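First up is the structure itself, then whatever we jot down about it.
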Amino acid sequence: MVGSGIPALGLLLLMQGSADGNGIQGFFYPWSCEGDVWDRESCGGQAAIENPNLCLRLRCCYRDGVCYHQRPDENMRRKHMWALGWTCGGLLFLITSICLFWWARRHDMLRLPWFLKGKCDLSRTVSLLSKDRTPSEKKTPSVGSIPPAAPTEGALDVSGGTEGEGTEGGEETEGGDEDD
């Protein structure tokens, strides 16, 4: 795992370094043309001022007819260090998690504790959305529409629902008073 993380990070740094021509040093100490206008050092002399291409070939900055040296960019450096820190931290966390999982599996510690066994058994639960219910369970008629009869075992609702799936005793459901 470490063997693949380090080359990947090296490749990232190499690709970033080759983009600006400064190599890996450009990642840790980036340069930019941003900054205070009055705090510029001239670069390339009069020839670079007259020829912007010469100024850029010297890796200097050209703006407003002035050729000047790049300066270290602290904001970009901070961003690079932040990204590098999070990348290394993430790789370290991933490697540690994999090693810990592997160690626990080798020591046969990946079983549920005794107090959780049986609590997650979903085979005993009754779903209200189950398609296996009989037609008499799907819709409970109101008390006024049919005469009261002795309930059968299959007709009792034991799901523990709260929205009128079953009635208790002499309660009425949705129908209201229909014995006028």
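Glycine is treated like the rest: Cβ placed from N, Cα and C.
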So Cys67 is in a disulfide according to Swiss-Prot. Which of these is its partner: Cys55, Cys88?
Cys55
When you check Swiss-Prot, which of Cys43, Cys60, Cys61 turns out to share a disulphide bond with Cys33?
Cys61
Taking just the CA atoms, what is the gap between Cys33 (disulfide bond) and Cys55 (disulfide bond) in Å?
12
Judged by the number of other CB atoms within 10 angstroms, which among Cys33, Cys43, Cys55 is the least packed of the disulfide-bonded residues?
Cys33
Rounded to the nearest angstrom, how far is the Cα of Cys67 (disulfide bond) from the Cα of Cys43 (disulfide bond)?
5
Just the number: how many Å between the Cα atoms of Cys61 (disulfide bond) and Cys55 (disulfide bond)?
7
